[in-house]
Each structure stands twice: as structure tokens, then as C-alpha cells.
Amino acid sequence: MRLLTVGRPRDKRLVGLVEEYLKRFRANWTVSWETVLEEPLRKGPDSRALDREQERLLRRVGSQDIVVLLDVEGEMVDSRALAQRLQQWRESGHPITIIVGGSWGTGEAVRQRAQWRWSLSSLTFSHGLAQVMVAEQLYRAWTISQGHPYHK
């Protein structure tokens with residue numbers, strides 16, 4: 001499984017939290033964290049910048065990958081449902097790529113490529129905090145699938 005993000009959090013504490021969650025996985029579930037270059041932020045969405053980020057993301061996605069996109073308009077699920085969905089995809093044998101776009105989201109082609117669009121909440125979070133929350137939810141999904149007591 002792979003977490004593919006546009007940029008990394010600027011706050012090193014958030015980077016440390018993502019790395020901490022990802023290193024907790026055991027051999028039967030491995031999650032890597034890869035990034036593509038984030039375009040400089042503007043005062044509003046810039047379609048050319050989104051297109052460039054989109055191209056970078058799509059170049060990193062394999063043709064057989066199951067793509068999950070973190071998206072404000074995506075489906076909200078509880079942690080157990082997420083764990084079940086990820087486990088089913090893992091059993092399919094296809095690589096799973098979870099994309100967290102940039103601060104202004106992603107381009108339409110990334111949304112079209114995704115098999116599932118996932119929303120963490122109806123609340124708005126910073127880009128860096130969203131990356132931490134995705135890493136934590138992936139770890140929580142793993143603990144659920146393993147019967148580990150982390151998820152209560």
C-alpha cells in the first residue's frame with residue numbers, strides 16, 4: 001500500500017507523526033509514503049498548477065493500482081468499514097495507492113482515476129493535518145484487521 005501525497009507538511013512535527021504511524025505497520029501490511037512536488041500556493045485555485053500536480057500524481061499511479069482519493073466530496077465511512085474495504089482490496093492482489101492532493105485539491109483526471117473517493121469529515125483540515133489523519137486511519141485499519149487492541 002502506498003500513501004501518495006502532493007508535498008509534505010511544512011511543520012516537521014506533522015511529518016514526524018505521519019512517519020511514526022507508518023513505521024508501526026508489521027510485515028504483513030507495509031505502507032510507503034511518496035510525494036510529488038507541490039506547486040507554490042496562490043491566493044486561490046490555479047488550474048495550471050492543479051494540472052501540473054495532477055500530471056505528477058498520475059505518472060506515479062500504475063495501471064493496475066486501486067486508487068483511493070482523499071476528497072472533500074468523497075464518502076465518509078467509519079474505521080471498521082475502512083478496514084474492511086482495504087482488506088478486500090489487499091486480497092485482490094492489486095497495489096493500493098491512497099492519494100492526498102494539494103491544498104487546493106486535485107484535477108478532474110485524478111478524481112476520474114480513483115476507484116473510491118474518501119472523505120475524512122465534513123470539517124476542513126489543513127493539508128498537513130489531513131496527511132497525519134490518513135496515516136492514523138490506515139494504522140487503525142491495520143489494527144482492526146489484526147484484532148489489535150489499539151482500536152476500541
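Glycine too: its Cβ is placed from the backbone N, Cα and C atoms.
Residues Gly101, Leu120, Ser121, Ser122, Leu123, Thr124, Phe125 are given by TrEMBL as S-adenosyl-L-methionine binders; from Leu41, Leu58, Leu70, Leu82, that same site also lists Leu70. In sequence order, Val6, Glu53, Leu57, Leu69, Leu70, Asp71, Val110 are the residues of the chain that are 6 or more apart from Gly101 (S-adenosyl-L-methionine binding site) and have a CB within less than 8 Å of its CB. According to DSSP, Gly101 (S-adenosyl-L-methionine binding site) is assigned to coil rather than to any helix or strand. In three-state terms derived from DSSP, Thr124 (S-adenosyl-L-methionine binding site) belongs to neither a helical nor a strand segment and is classed as coil.
Classification of Leu70 (S-adenosyl-L-methionine binding site) by DSSP places it within a strand. Site extent for S-adenosyl-L-methionine: the farthest pair of Cα atoms among Leu70, Gly101, Leu120, Ser121, Ser122, Leu123, Thr124, Phe125 sits 17 Å apart.
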